[in-house]
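Colleague: Summarising the annotation, TrEMBL assigns transmembrane segment to 12-29, 41-60, 72-95, 107-129, 171-198, 228-247, 268-289, 295-317, 329-348, 360-382. What TrEMBL lists as domain 'Cation/H+ exchanger transmembrane' is 12-375.
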Amino acid sequence: GFHVIPSVSSIVPESCLLIVVGLLVGGLIKGVGEEPPILKSNIFFLFLLPPIILDAGYFLPLRQFTENLGTILIFAVVGTLWNAFFLGGLMYAVCQLSGPSLNHIGLLANLLFGSIISAVDPVAVLAVFEEIHINELLPILLSPALPSPPQVLYHLFEEFANFEQVTIIDIILGFLSFFVVSLGGVFVGVIYGVIAAFTSRFTSHIRVIEPLFVFLYSYMAYLSAELFHLSGIMALIASGVVMRPYVEANISHKSHTTIKYFLKMWSSVSETLIFIFLGVSTVAGHHYWNWTFVISTLLFCLIARVLGVLVLTWFINKFRIVKLTPKDQFIIAYGGLRGAIAFSLGYLLDYKHFGMRDMFLTAIITVIFFTVFVGPCPAGAAPKGAQAANPLGFLFQFLDHLLTGIEDICGHYGHHHWKDKLNRFNKKYVKKCLIAGERSKEPQLIAFYHKMEMKQEMELVESGGIG
């Protein structure tokens, strides 16, 4: 009904309706005297989240991502630290001023709560932003990598809860682990991405299993990173980004089509289940409502997000050629949609160390519902941008070479110079190892032609032009 009736989809995003369906299903199950199922954290992190992150990472627009990498990292790392400590500090102050009902909640518990509630959910962001068709740059800035820093902070504060006393050395080591976990996840992902690309060299006689290698190695990267307590999200994104250009050069058109549509279907099913289970789990969970704590959380979440985006964008725009406009800043600030990641992290809390777990979960659910239901409405007023890939890709490559030559003449080695060096190294050594046959030696113009040819064929299939 949602997809058949255009007037419904233009007013309410699908994610909102799925949560409502989950609430109704949970209410019906409870009404007949049964206990509704709860979205278990291990099921979410092991089975439902990986397909969504892999879909976003594998089809990540690499040029836009690399050109905006500095902006993404500032929003992901500095923005996360700001949100977690600003919100955690203010909530600690609220607890201390609220009397006996809340003043037993310590600073560490509030900082942990701040790290949970600062976890922007890629499921909600990608689902809502895809439906309202905003400027294609903004979902890249709200990258799928954003949940990784809050998860690292969460595990750090959770570990501190087991200590009798937290020393300065513990804090320093904790902040070092913040970067080690993220970079370690990237390293694991790159290794598996290279192995997947190398394996795809030898599949020319068994085309039917080509898509399997993409899914298998990506999931192994995620599990391996999580096994060593590194960032599985970063590992998935890194493996998808690294393997895609080499795998696409080795596999057949049919395998490429299979990978694309299977990943889209897989991630879509996961999104649907996540949003429905969020609604069901809301009905099934144990709640403890405290007006002061819940309203303060909601208010400070909005304040922290807006202040963080304004300050960081003011700093970022000093170094960007294409500035982020006030409208872009508004969408980024309102794009801080919370969802199943925040809920699952809250559900993992141990009653032994966090006696107010139920109150934390109630506040988290309130913030999730507010951001998912209210957040998309102003964002829907944003200017609609084209979602298709830019057809001027070859012109951009020409400009890259031109600017590299200008930098060499001027004696100024900017990012175009180093990008050209990396491309030359890739063509001279890496492609020969990871791409089979003549495709490893073909000029950039021919490679670009093959890429555009594949894209046009897939567009024809989608439009029904080919039977």
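Note that Cβ sites are derived from N, Cα and C of the backbone, with glycine treated the same way.
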Colleague: Could you tell me what the rest of the chain brings near the transmembrane segment (228-247), counting residues at least six beyond its ends with Cβ under 8 Å?
Modeller: 45, 49-50, 53-54, 56-60, 62, 65, 144-145, 147-148, 151-152, 155, 181-182, 184-190, 192-194, 196-197, 200, 213-214, 217-218, 221-222, 430-431, 434-435
Colleague: Do any residues, 6 or more residues outside the transmembrane segment (41-60), come within under 8 Å Cβ-to-Cβ of it, and if so which ones?
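Modeller: Long-range Cβ neighbours of the transmembrane segment (41-60): 122-123, 126, 140, 144, 214-215, 218-219, 222, 226, 232-233, 236-241, 243-244, 259-260, 263-264, 266-267, 269-271, 273-274, 340-341, 344-345, 347-348.
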Colleague: So are the transmembrane segment (295-317) and the transmembrane segment (72-95) touching or not, going by 3+ C-beta pairs under 8 A with a sequence gap of 6 or more?
Modeller: yes
Colleague: Against the transmembrane segment (12-29), which of these stretches has the most C-beta pairs under 8 Å: 72-95, 171-198, 268-289?
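Modeller: Between the candidates 72-95, 171-198, 268-289, the best contact partner of the transmembrane segment (12-29) is 268-289.
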Colleague: Short question: which residues 6 or more past the ends of the transmembrane segment (268-289) have a Cβ under 8 Å from it?
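Modeller: Contacts with the transmembrane segment (268-289): 15, 18-27, 29-30, 35-39, 44, 47-49, 51-52, 123, 127, 339-340, 343, 356, 358-359, 361-362, 365, 368-369.
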